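Peer 1: Would you mind keeping the following structure in view while I ask a few things?
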Amino acid sequence: MTESLTHSPWRMSVAPMMDWTDRHCRFFHRLLTRQTLLYTEMVTTGALIHGDVARHLRFHAEEHPVALQLGGSEPADLAQCAKLAQDWGYDEVNLNCGCPSERVQRGAFGACLMNEKALVADGVKAMRDVVDIPVTVKHRIGIDKNESYDFVRDFIGTVADAGCEVFVVHARNAWLKGLSPKENREIPPLRYDVVAQLKKDFPHLTIAINGGIADDATVLAQLEHVDGVMVGREAYHNPWWLATWDAQFYGAELNSDISRESVEEEMVRYMEREAAEHGTHWYSIARHMLGLRQGMPGARRWRQVWSDHRMKQLPPHEVMQAARTKPERHADSPVLVSI
Ligand SMILES: Cc1cc2nc3c(=O)[nH]c(=O)nc-3n(C[C@H](O)[C@H](O)[C@H](O)COP(=O)(O)O)c2cc1C
């Protein structure tokens, strides 16, 4: 047995991020890390029950392990959608109790569900009754200015009693009035000590921490206190970091075959396959890999080429060539390619 198999499935994960962690992004992330758990964007129960299920749930076999995040609050709807998640082959279904957006509040789900722990418990129970895959919850440490530890402890206690064994805790409050979702990821202060205390109070539960984690040292420090670390923005903006995770956090051997260039080439093959099979334009795939060369010489120009809408009419392997060609003018000048 390799050492990695002894680790919790939640040891490292890439956060659910609307408009970002779509199946193309997850395919890309999976080229960089074999072990890390990947989350979908939030999909609402309404979208699944009334919309195009395949459009929302289709994913590539290569993405495993992959978790579907649901937004919703009606236990019967959640159960129906959890069943869909299992039938479509997801490894986990996660309930969003952390999103503060007004749209989500109007639907009475997301972070405001933390005020309705009995309803969340009913939802978890309804889902667990119909699926065998893990049912997990992602939430905040509090709502608005209420910083009482008892509030989040009781939330977890009630939801755990309904059978949830895994909690991903975004270590800041959600302020439901007056802040945009973006501000709600930046302004309410991070309190990692609250999450460590939750792990102490619920040692039998799997507790993963999320929020503002952006370097190896912080991940390793957190893994001393909790079972897992979920990373959102830094994973998206600096994806090459993911290429070190299997070795750094799972004890796997460093994969020396992988390079930024090999990943880019693999993505070009993927873009060609997606275009042939689904008519997907490479532009909507390439946007997720623009951070791949972050911190490298020429990164800015490489990124400009891959995001230049004038390149859209070229096939992706030609775009890659253009992105790799040294510019005739100064390295950071605007892209000059005749198309
Ligand atoms: C663009 C964007 C979209 C997000 N969408 C979701 C979502 O659909 N569901 C969710 O639970 N959290 C969502 N989040 C919050 C992240 O999952 C994560 O909790 C937050 O970004 C804090 O982690 P970080 O500091 O590592 O980015 C989103 C964050 C971003 C930046």
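From the backbone N, Cα and C atoms, a Cβ is placed for every residue, glycine too.
Note that the structure is predicted; figures quoted are calculated from it, not measured.
Just lifted these from TrEMBL, have a look:
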- 14-315: domain 'DUS-like FMN-binding' (DOMAIN)
- P16, M17, M18, Q69, K138, H170, N210, G211, G212, G232, R233: FMN binding site (BINDING)
- N96: site 'Interacts with tRNA' (SITE)
- C99: active site, proton donor (ACT_SITE)
- K182: site 'Interacts with tRNA' (SITE)
- R185: site 'Interacts with tRNA' (SITE)
- R300: site 'Interacts with tRNA' (SITE)
- R303: site 'Interacts with tRNA' (SITE)
- 319-339: region 'Disordered' (REGION)
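Structural setting of the listed features?
Peer 2: Same-chain residues at least 6 positions away in sequence with a Cβ under 8 Å from that of G212 (FMN binding site) are, in sequence order, A171, L190.
For N96 (site 'Interacts with tRNA'), the same-chain residues lying six or more positions away in sequence with a CB closer than 8 A to its CB are P16, M42, Q69, L70, G71, V104, F109, G110, K138.
The C-beta environment of C99 (active site, proton donor), restricted to residues of the same chain at least 6 apart in sequence and closer than 8 Å, consists of M42, G71, F109, G110, A111, A174, P181.
The Cβ of K182 (site 'Interacts with tRNA') lies under 8 Å from the Cβ of no residue that is in the same chain and 6 or more residues away along the sequence.
If you draw a 10 Å sphere around the CB of R185 (site 'Interacts with tRNA'), it holds 17 other CB atoms from the protein chains shown.
Counting every protein chain shown, the Cβ of R300 (site 'Interacts with tRNA') has 13 other Cβ atoms within 10 Å.
Taking a C-beta cut-off of under 8 Å and a sequence gap of six or more, R303 (site 'Interacts with tRNA') has these contacts in its own chain: L290, G291, R293.
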Peer 1: Have a look at the binding-site residues (K138, R233) and report the one with the fewest Cβ neighbours inside 10 Å.
Peer 2: R233
Peer 1: Can you tell which of the binding-site residues (P16, M18, N210) has the fewest other C-beta atoms within 10 angstroms of its C-beta?
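Peer 2: Relative to the other binding-site residues in P16, M18, N210, M18 has the fewest Cβ atoms within 10 Å.
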Peer 1: For M18 (FMN binding site) and R185 (site 'Interacts with tRNA'), determine the Cα separation and express it in whole Å.
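Peer 2: With distance taken Cα to Cα, R185 (site 'Interacts with tRNA') is 13 Å from M18 (FMN binding site).
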Peer 1: Express the distance between the Cα positions of R233 (FMN binding site) and R185 (site 'Interacts with tRNA') as a whole number of Å.
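Peer 2: Pair distance, Cα basis, whole Å: 10 Å.
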Peer 1: How many Å lie between the Cα of R185 (site 'Interacts with tRNA') and the Cα of N210 (FMN binding site)?
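Peer 2: Cα of R185 (site 'Interacts with tRNA') to Cα of N210 (FMN binding site) measures 11 Å after rounding.
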